[in-house]
Amino acid sequence: MIIMVKKEKRFFDYSFLKNIINNEINKKLKQIYELNGLINDFSNIPEQTKNTLIKNSIFQSVTSSNKIENIVSTTNKIENIIFNNKKYTGENELEIQGYNDVLNIILNNFDNIDITKSNILNLHNQLYKYSNKTYLKGKFKEMNNYIFSIDQNNYKTVIFEPVDHSLVDDYITKICDEYNKRNDEKIIDPLILIPTFILDFLCIHPFSDGNGRISRLLTNCLLFQNDFMINKYISFEKIIEENLNQYYFTLRKSSTNWQYSQNDYLPFIDYFLDCLIISYNKLIDVNKKDYLENQIIEILTTSLIPLSTKEISERLVSISRRTLERKLKVLLEQNKIKKVGQYKNAKYKLT
């Protein structure tokens, strides 16, 4: 079904967001702020692990965000683009290279990227920097377009017809101004403002191509600017890809009647918060694993004699016996500890 758009102007006033938070959204916001506080203390994670997380997040973000748009390549080529600065001539690889560049610009300079029409155009220009589609770079669409969902069989379904191309310049300026105004006021929670802005951006669909990728890059930038650094370590784009059906479902629900300023932002906001919670929990799982390794090493370092699984477990009351046994097996395989004896008599010491 196509939602037809009349060429009448829509208004943008985010003040209503002050009253949009229901009990469920409020619970999720509290949970995210608690989780965000936990990850700000990385004292238990070794520097090497942090660097590995960052590298993995970049790789997954570049891969997943492009894959969502059916821009795919081999793992080897993507790794070479990201980590070895290798150049390829295929269009997919050229666009992947552009995404990687923009993501790195955001990671390294997010504080200096004002949310303006000009900067959004610049990001789009960088996205297509290497592309053969020179007619697209850094320009708003000159013809009307559609938002499609694409299923596993590559079948496209029109889920929304964005605004007329003649209104794009004005609308992008207005949503940027409104976002900046409300964010500066610090009355509306940024975790409510960000998905609202992103939904409006997606409904405007300002470019002929690259809207989804730019929306995800902007999401990263806005989260970083508001001190939510989770995407630096866990790829938000990967979480979206893993929950893509829900992404399209909530996008469709929240875009219904958007052109008349009568849409419901809550489904998309709720989805956005759920993805954030998944991201935080993934990082906490990593943190727990490294914390456990550090604790085992510390226990064995301070012990004068080898210790059994039971003896180690008694000093790690918050860790299940099964989790401990799995970790001991990994540490043995990594040659970080040694096993003395067999079966029930087995004990462990440092190598």
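Even glycines carry a Cβ here, placed using N, Cα and C.
The model shown is predicted, which means the values in this text are computed figures rather than measured ones.
What TrEMBL annotates here:
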type	residues	note
DOMAIN	115-274	domain 'Fido'
ACT_SITE	HIS205	active site
BINDING	ASP209, GLY210, ASN211, GLY212, ARG213, ILE214, SER215, ARG216, TYR247, TYR248, ASN257	ATP binding site
Distance [Cα-Cα, Å, rounded] between TYR247 (ATP binding site) and the residue listed as 'active site': 16
Work through the recorded positions one by one (HIS205, ARG213) and point out the residue whose CB has the fewest other CB atoms within 10 angstroms. HIS205
Any same-chain residues 6+ apart from ASN257 (ATP binding site) with CB under 8 Å of its CB? Would you list them in sequence order, or say none? ASN263
Who sits close to ASN211 (ATP binding site): which same-chain residues at least 6 apart have their Cβ under 8 Å from its Cβ? PHE201, LEU202, HIS205
Out of SER215, TYR247, which of the binding-site residues has the smallest number of neighbouring Cβ atoms within 10 Å? SER215
